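Copied from TrEMBL, the annotated features are:
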type     : residues : note
COMPBIAS : 27-42    : compositional bias 'Low complexity'
COMPBIAS : 47-59    : compositional bias 'Polar residues'
COMPBIAS : 60-72    : compositional bias 'Basic residues'
COMPBIAS : 406-418  : compositional bias 'Basic and acidic residues'
DOMAIN   : 123-244  : domain 'MI'
DOMAIN   : 287-408  : domain 'MI'
DOMAIN   : 421-542  : domain 'MI'
DOMAIN   : 584-703  : domain 'MI'
REGION   : 21-75    : region 'Disordered'
REGION   : 399-418  : region 'Disordered'
Amino acid sequence: MASPKEGFLTDEQREVLKIASQNADILSSSPKSPTGLSSLLPEHNNNKGGRTASGSNTVRHVRRSHSGKLVRVKKDGGGGKGTWGKLLDTGSVVQLDRNDPNYDSGEEPYQLMGAIVSSPLDDYKKAVVPIIEEYFTAGEVEQAASDLKDLGLDEFHPYFIKKLISMAMDKHAKEKEMASVLLSALYADVITASQISQGFIILLESAEDLAVDVLDAVDVLALFIARAVVDDIIPPAFLNRAKKVLPENSKGLRVVETAEKSYLSAPHHAELVERKWGGSTHLTVEEVKKKISDLLKEYVQNRDTAEACQCIRELGVPFFHHEVVKRALTLAMETKSSQSDIFKLLKEAAEEGLISSSQMIKGFSRLAESLDDLTLDVPSAKAIFQQFLPEAISEGWLDPSFRPSDSSRDSEDVEEEKKRRYKEESLTIIHEYFLSDDISELIRSLEDLASPQYNPIFIKKLITLAMDRKNREKEMASILLSALGMEFLSSDDIVNGFIMLLESAEDTALDILDASNELALFLARAVIDDVLVPLNLDEIGNKLPPNCSGSVTVCMARSLVSARHAGERLLRCWGGGTGWAIEDAKDKITKLLEEFESGGDVGEACQCIRDLAMPFFNHEVVKKALVMAMEKQNDRILDLLQECFLEGLITLNQMAKGFSRVKDGLDDLALDIPDAREKFALYVERAKQNGWLLSSFALVPSDGPPPV
């Protein structure tokens, strides 16, 4: 029985319906096809008898155009003249005549047109170009900052740094200066510190491309980086971080090295960098800082708040008012009598809207970050700062949301994280050294860490690891300390490292039963290897609590050093091993110097020193050469030092260390060589004239001038 939807159909119509159902999927998949049976059989719904208006049993075929109209299609002349084609003809193409008076453009098939879709980053890069060009033309810092904020794409600000500097590089000194001033203005308020660092990294990575258009790109980029360091918008540590991420021999790496060596290492580098782009129409950051200091000093003297506010306003640098806040608070700390006047000025400036809330917070934040340095001049700086806060907040000129304690805690967390990472990396370096016995590679690894403040931690880790290993590693640790010596570690680093070790001696003894004796041997061996002097043992002992385990260890070390044949016994304390390299080297140095003094060849002597393959121990060559020249009254030995220096065989550091060791032992030498001081003074003068020693080298120990 037919379903209700079929109505009363003839057998022929049912057969047609069956065929239509089988082809439903094909028909529905075409946008030009009818979407249902009702479209295929339009007249059927109006003729329940199943016949067309003309009385025939044919079903009229239609298609729906994109305009929604039904278009009747004639197919292959099926059905004869005047009919609508064969049933279910779906493959026909309707040709529309645009000249037809009844032509409807809506019946034309759709055509998909390709279009380029731009990303937000591309839009940002295009949008900042007119902002930068307008800034270079008008010089309006506030307008540029406002336009940048209005973009609402803060996450792309590192690319603004790149675009700004790359555009300034191809312009005059005025635009370069303006770019640096703008970066300093946007720092923290618009662009975060991390974004500025990231922007400079992107810039360094594209140095190769920039050099194609700007011939002196390396030097100009180096100056921009140096200026950013001087202006306190990137930290000096940025240079070391950049070196780690830039490929070797890249122009970006050359930029960092140029900034470090040519600009930031020069005397008075801040003034040099600030005035490098002289002739700018804008005040440099350094000039603004000086003007701020002058107006604050004048205000403290005359206490005229209105005049001081007017001077701040006339500076025309609202983006730099945080410097006013920082310097004013610093002055209040240094001169307590001016505190109330300073607070009055800052309150007045805040109430007038002269110094914005964000600039006030930024000034307090910068002061909080520099408290550690400030305590060197004002010991109670941290306590005074904590007193400033509640008063400033209660008077309403500092936002209550400011939380310096959180900032301090964050700073401490960052410091702890850096220290933790350093410990992990130093452990890896020490393990690799114990495997490879490569001192040069270890020194390079330590230089890459760029954390000299943690050198005592490295010493503690080195000796602690060595104590838990075999004699070979203990000997290697002592050799390494001697190698690092003055070449990499200062005497303070070594002393502090041993103090840290001895302070934790009781904890170390829980894991290493013989820790106290082992530490005593390491201390004594350091004295024998000239890493420490005997007086350092007293210095270390005085910094430890009396009667503690560490103090007992220091006493044991003194006994070991003062015993007969202490040198020979301590050099063999780890059973020989690689430690004999030092003693052998000393013997070989003595023999080669004696051979040279008796008429040997300079080139051969240099080759012997080179064959020792212990560049970290060349200070011993210097020491023995100077002493032998005094004893033998033969200054020809100094010609060997001259040649070694010219060939780069003995470095300035090694030369200075050798002279320093002789200087420290002049009192003992004078017992055997009465004119030792006069001779040494002549040797120092000769070394300075020939460039072996820096002119800053002290001629004699601090206990008095040499006899003339």
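Using N, Cα and C of the backbone, Cβ positions are placed for all residues, glycine too.
Between the domain 'MI' (287-408) and the listed ranges 123-244, 421-542, 584-703, the one holding the most Cβ pairs under 8 Å is 123-244. Look at the domain 'MI' (123-244): DSSP puts its residues at 98 helix, 2 strand, 22 coil. Sorting the domain 'MI' (584-703) by DSSP state (H, G, I as helix; E, B as strand; all else coil) yields 88 helix, 0 strand, 32 coil. Secondary structure of the domain 'MI' (287-408), assigned with DSSP and counted as helix (H, G, I), strand (E, B) and coil, comes to 96 helix, 0 strand, 26 coil.
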